[in-house]
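To start, the structure itself, in structure tokens.
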Amino acid sequence: MPSQNYSIISEFNLFGFSAFPQHLLPILFLLYLLMFLFTLLGNLLIMATIWIEHRLHTPMYLFLCTLSVSEILFTVAITPRMLADLLSTHHSITFVACANQMFFSFMFGFTHSFLLLVMGYDRYVAICHPLRYNVLMSPRDCAHLVACTWAGGSVMGMMVTTIVFHLTFCGSNVIHHFFCHVLSLLKLACENKTSSVIMGVMLVCVTALIGCLFLIILSYVFIVAAILRIPSAEGRHKTFSTCVSHLTVVVTHYSFASFIYLKPKGLHSMYSDALMATTYTVFTPFLSPIIFSLRNKELKNAINKNFYRKFCPPSS
């Protein structure tokens, strides 16, 4: 093949919100800042409540606490940089910083998905095998499950980041996104095998996510079958209520992800791509603590008992 003169890229420019009207950027900054702070405070409140309330020292709430940690870290990996770019004219990011951001976003994102799977398994064991629950979900087993979710997320993050950053980037250094998004970054690669790399990355990611979703759905098939065998309507309602918050978060998580990554090509613009991406990176983590604190009665009561009534006592 004839040799080509490539200008190797050492840093990237995040174009994300650069095309937006300037008067909208402070509004978006304020909106995303409030959502970011609420995400942090909401998840910290859940973690503090579980730590304080000894009745919540159960496997289900251990997994929920770990989920809150993963959501905080996922949000911190992306949102602060996005907020800074909204008010700045300097949007460059170094090669190493871009690789780090991609690794941590994938690591915490996949850890979140694996934790949702583990929480589904926990509900399956609690409802379908209640007599064996203490054996199957012992503290040691729970610790192993949590460790596996973090290890799995780390492996996925390292795998994708290593594959992508082994490519050579040349020509334009503009990433048409507000963070180092893998598909936007791959468009800047100058090697002939880029298309096969894209297919490989997509296959790895989709297989892992669809695999998690399939196992969650399978667990709920068995859960619903077990609930339908409960004779009283009150018993069925009480049992299913323990699953509602988890199921709602799963539906929200996968719905937004599917809408962003599986949308038909051509039905998007630079504006809509950036805004839709924030639904998954900002809005979904923002919703999660709201869903768990409102839909989980036991957690809601514990928050009221330990925080709301202390700081906002009822007027006499």
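For all residues, glycine too, the Cβ spot is worked out from N, Cα and C.
The topological domain 'Extracellular' annotation in Swiss-Prot covers 1-26, 77-100, 162-198, 261-273 and is backed by sequence analysis. Annotation source Swiss-Prot lists N-linked glycosylation site at ASN5, citing sequence analysis. For 27-47, 56-76, 101-121, 141-161, 199-219, 240-260, 274-294, the entry in Swiss-Prot reads transmembrane segment, with the evidence type sequence analysis. What Swiss-Prot lists as topological domain 'Cytoplasmic' is 48-55, 122-140, 220-239, 295-316. If you look up Swiss-Prot, you'll see CYS98-CYS190 marked as disulfide bond.
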Local confidence of the prediction over the topological domain 'Extracellular' (77-100), expressed as mean pLDDT: 89
Residue, out of the disulfide-bonded residues CYS98, CYS190, whose Cβ gathers the largest set of other Cβ atoms within 10 Å: CYS98
Maximum Cβ pairs under 8 Å to the transmembrane segment (56-76) - stretch from the list 27-47, 101-121, 199-219, 240-260, 274-294: 101-121
Touch test for the transmembrane segment (101-121) and the transmembrane segment (199-219), at least 3 Cβ pairs under 8 Å: yes
Remote residues contacting the transmembrane segment (240-260) - C-beta distance under 8 A, at least 6 residues beyond either end: 60, 112-113, 116, 119-120, 123, 126-127, 209, 213, 216, 220, 223, 227, 276-277, 279-280, 283-284, 287-288, 291-292, 295-297, 299
Non-local residues, at least 6 beyond the ends, that sit with Cβ under 8 Å of the topological domain 'Extracellular' (162-198): 6-9, 11-17, 78, 81-82, 85, 93, 95, 98-99, 101-102, 105-106, 270, 273-274, 277-278, 281
Chain residues outside the topological domain 'Cytoplasmic' (122-140) and at least six past its termini with a C-beta under 8 angstroms from it: 59-60, 63, 219-220, 222-223, 226-227, 239, 242-243, 246
Per DSSP, three-state class assigned to CYS98 (disulfide bond): helix
For the topological domain 'Cytoplasmic' (122-140), the number of residues DSSP places in helix, strand and coil: 16 helix, 0 strand, 3 coil
